[in-house]
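Here's the structure we're looking at; comments come further down.
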């Protein structure tokens, strides 16, 4: 998995800071998460192929998370896109986008599908043979979801030497990868675990922004490899975090600790702070494995 | 007058080119014209004071001319704006903006006025004691207006030596500036032109984008000091200009010549061309005084 942070600052786009957008590369998918103003320029700067993005997940309808979407949809059209595009977003977004296409008399020449969300429980919103995406209901000022991306457990891997030594017909290899015992050319039963190795570990990534401190998400994100959790404020501004339904770095770390996640990436910083390291220092008082998200950073895991 | 070109490329925002937006400084007003995606970042880069913008004029509802507006309106709110904001735009924009504010549950704390346009004739849409703004109906794929900004003729200027020599009471100075003859302290009639000088020349600026070649605008922009006219294409691509209702550099120059304007500024270039000088060279075959618009350029006149 590879996570491209295109923007991770709250509120308004500025000369050197961008509102929220990420592209997660997972099992050959490029999933975009949120799309603040300027995201299409960030995609160009970071040389991410527009056409490989087939699914866009929008957490909520505050401008810093979706004002770049209508322009991206329009640019896809101008670039001659043919591939389908799926938008998973809170109810209301379809109306906003289609109204603007109607006024411009500019409809897409590719298929554009809106999957509008309104459930308050976690739900499976995308699945293929390798990946699942679930919503993570968050607690913000408007209806908001985080997203949990989970690889499915892959096939077992052949231990090629062992397979050859055991004289197994090639036609059984698929069954071996699926975990079955097989009969070899000599008529003997070969136990699966003697000729295969465990699959690569299925990885998982949870995106949680924007949200107040919310323990209800802990069971959903339990033991994810990587958690991106917003930390708009430092603890010194807890009084601002509460009414705006945002989190502090310390709260993000507390969620990470309780959910036993592998790594925590912080982001959605208020631009009032000059030194991002303060976020890391604060979070590490609670949870060790903290990374600072920043525009243009790429995390591989 | 001072014209700040924030963006003057057609279609999509790119790493080093921005969609249309300009800020015209005229008689203490900062008028914004069009507001493509990323305009608020361009304002920051060029250090234009957000709060001094009270009127925004939107030519038409293609994305490259207004997708940055909703974010700018939202940023004004986050910056604690108190001043009124007036948006002059084609009918439909109010619905787009208010729908997004409703979904975000984020209403402005300043007064936001929409002045929706739908007339197909030139009309006066703003006036104070120093400036007038008129629409310039253009010929594009959707309802589109250019905008004509005209200073009003100012007061005559006192020729102070002459005024003193003629023994005129200070209380008459205002009348002199307004062009009246006055009686001096000795009871003589003093002819206005003997003690005053003509006012500064009232300047005018016409913004015409996007439009097909359209001679109907010539009487409206007759003898303006500066004409910004779109030149999306070079003459070699006239076949593209026609169906898309855009102009070539040569056509822009022909309009400038027929309208006897002072200077022509080109812009709204298609990004297919690597060398902007080709636009200038082509236009100058028809009209001499051609300037190339470009992002970040400031023209004073």
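Backbone N, Cα and C atoms are what each Cβ position is placed from, and that goes for glycine too.
Any TrEMBL annotation is an automated prediction that lacks curation.
Quick look at what TrEMBL annotates:
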type	residues	note
BINDING	B:60, B:62, B:140, B:210	Zn(2+) 1 binding site
BINDING	B:64, B:65, B:210, B:268	Zn(2+) 2 binding site
ACT_SITE	B:64	active site, proton acceptor
Message: Short of 8 angstroms on C-beta distance to chain A, which of the listed binding-site residues (B:65, B:210, B:268) are there?
response: none
Cα-Cα distance linking residue B:210 (Zn(2+) 1 binding site) and residue B:65 (Zn(2+) 2 binding site), given in Å to the nearest integer: 9
Field: Inter-residue C-alpha distance, residue B:268 (Zn(2+) 2 binding site) and residue B:210 (Zn(2+) 1 binding site) (nearest angstrom)
entry: 8
Message: At 10 angstroms around each C-beta, which of the binding-site residues B:140, B:268 has the fewest other C-beta atoms nearby?
response: B:140
Field: Nonlocal residues around residue B:210 (Zn(2+) 1 binding site), in sequence order (Cβ under 8 Å, 6 or more apart)
entry: B:10, B:59, B:60, B:62, B:65, B:138, B:140, B:144, B:230, B:232, B:245, B:246, B:268
Field: Cβ neighbours within the same chain of residue B:64 (Zn(2+) 2 binding site) - under 8 Å, at least six residues apart
entry: B:10, B:11, B:12, B:13, B:19, B:20, B:36, B:37
Task: Using a 10 Å cut-off, grab the number of neighbouring Cβ atoms around the Cβ of residue B:60 (Zn(2+) 1 binding site), all chains included.
output: 25
Statement: residue B:210 (Zn(2+) 1 binding site), DSSP three-state class -> coil
Query: Cβ within 8 Å of the Zn(2+) 2 site's Cβ centroid: which residues qualify beyond B:64, B:65, B:210, B:268?
result: B:10, B:19, B:20, B:34, B:36, B:59, B:60, B:62, B:209, B:230
- line: The number of other Cβ atoms within 10 Å of the Cβ of residue B:65 (Zn(2+) 2 binding site), counted over all protein chains shown, is 26
Message: So if I draw a 10 Å sphere around the Cβ of residue B:62 (Zn(2+) 1 binding site), how many other Cβ atoms end up inside it?
response: 25
